[in-house]
Amino acid sequence: MSNSRSILSQPEWRIVDQSSLGPTFHALQSFAMDDTLCTSIGKGESAATMRSWVHHNTIVLGIQDSRLPHLEEGISFLKENNFNVIVRNSGGLAVVLDEGVLNVSLLFQETEKGIDIDLGYDTMWHLIQEMLKDYDVTIEAKEIVGSYCPGSYDLSIRDQKFAGISQRRIRGGVAVQIYLCATGSGSERAALVRDFYNLAIQGEETRFTYPEIVPSTMASLSELLDETITVQDLMMRLLKTLQQFAPKLTPSQLTIDEIPLYETNLQRIIDRNNKALGLEK
């Protein structure tokens, strides 16, 4: 993993911590934040950045989910269970965010030779392994069939998935994003998504193959390690681990120059979300 180590080894990591903003912090704001930071980094106007974030009771759908035949019924079910629903601006499928899920974005500049997609994923996998290295467990990166939003870089312990990684690129910037289920029940989160798909598909044939979710394939880190590991615990581990790779961690929010771009990005993402959910008038 020497190449992923080289990406983590930055002269400075800019730290944008939004993990304790509470229930008013909306997931659409998060995607606008990452797009803004990715653009700044791509232009060379910002150091490599780690952004951490938590959203209360939110289901983030992928573009393919917005094409489900009975989407409205599925969304109504999620709202009845007190979940907000949005469609993200990148690939993948439905994931669950709540107070027990820490999201982390690593944002860095493309190199002249380019950073291939697998290297981006490997970098995040390496970071999580370093964060949890004092536990006597093997963290594997492979697809966990039966999980929600399955992919080849699902992170698992003993074949139970606790994290999923995605990636986005904007004009010379790379954003690698992960959700880490810290506390709560992984199988209950998975059952919620399973029931959503059942209501949104209702046995109809679809062009796209949606996952058949088996709740027992998913668990939180607290369940897997038999020890309560909170979002705050993971944040402390994350910052300590980054300190091993960079001499300087700089707490930050958006700069004055970044705010107008953020506002533009947010409006674009809101409009796209409304279109995907059929909320346009």
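The backbone N, Cα and C atoms fix where each Cβ goes, glycine too.
What Swiss-Prot says about this one:
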DOMAIN    44-250  domain 'BPL/LPL catalytic'
ACT_SITE  C149  active site, acyl-thioester intermediate
SITE      K161  site 'Lowers pKa of active site Cys'
Packing count at the residue listed as 'active site, acyl-thioester intermediate' (other Cβ atoms within 10 Å of its Cβ): 22
Three-state secondary structure, which DSSP defines for K161 (site 'Lowers pKa of active site Cys'): strand
Pairwise Cα distance for C149 (active site, acyl-thioester intermediate)/K161 (site 'Lowers pKa of active site Cys') [Å, integer]: 11
